[in-house]
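Peer 1: I'd like to ask you about the structure that follows.
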């Protein structure tokens, strides 16, 4: 899994150099497809449950699962780019929300808090704690800043399949859920809204937007528990925080089933 996650991280790092006003998200999708294939991998999203692209790209009020298209990215947009790759039989799955040029201060803060909440969750991913400790850390941090924490979409286990147990909600009670043990591999992915936590599922079967059309942010890391501690199987390529006008330095449904990262209520 380390190698597949490494490839995803490199892909997002490559894309960060290309994201700028005027580029189309469909072009970014083409670049990602070629990069993953050229490096010996397969795009994990392409064809998954019928999804037609290699990336999910979700601008502004879109939360997740956006289709790449021919619309040009604009100054002041934010762009969630969710990427998956299969290499040596294992899946890597990361997401990053990029700033396009200069964004509004309140949007910048949303992205900052969402990214920080991801690491708050990762800090709880240690042997002996529970999944609910991760969930609670993310929820309490984001709601403490006045943001809405999406309920209907969650993180997940991963390995040889894109979506495995356990589900990893971004909300929950401390001390609840599955006990964390060595060998656990999960994707933690806060999906945080500027306003209400409520979302709208569109008729295309994929696109999810905020109900109030305010901005959403999405960051995702694969995390493995090794020797009792969280390990991030990625490279420093994602230390790229903003895409300006010049070159700068995630969920998917199984066929005929509900989306695998849509929360299933406990009985």
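Note: Cβ is positioned from N, Cα and C throughout, glycine not excepted.
All TrEMBL annotations are machine predictions without curation.
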Peer 1: Quick one: sort out which of 228-247, 248-267 is the region 'Disordered' according to TrEMBL.
Peer 2: 248-267
Peer 1: Give me the count of other Cβ atoms within 10 A of the Cβ belonging to residue 163 (substrate binding site).
Peer 2: 22
Peer 1: Within 10 Å of the Cβ of residue 156 (divalent metal cation 2 binding site), how many other Cβ atoms can be counted across all chains shown?
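Peer 2: Its Cβ has 22 other Cβ atoms within 10 Å.
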Peer 1: When the Cα of residue 189 (divalent metal cation 2 binding site) is compared with the Cα of each of the binding-site residues 82, 163, 220, which one is closest?
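Peer 2: Of the binding-site residues 82, 163, 220, 220 has its Cα closest to that of residue 189 (divalent metal cation 2 binding site).
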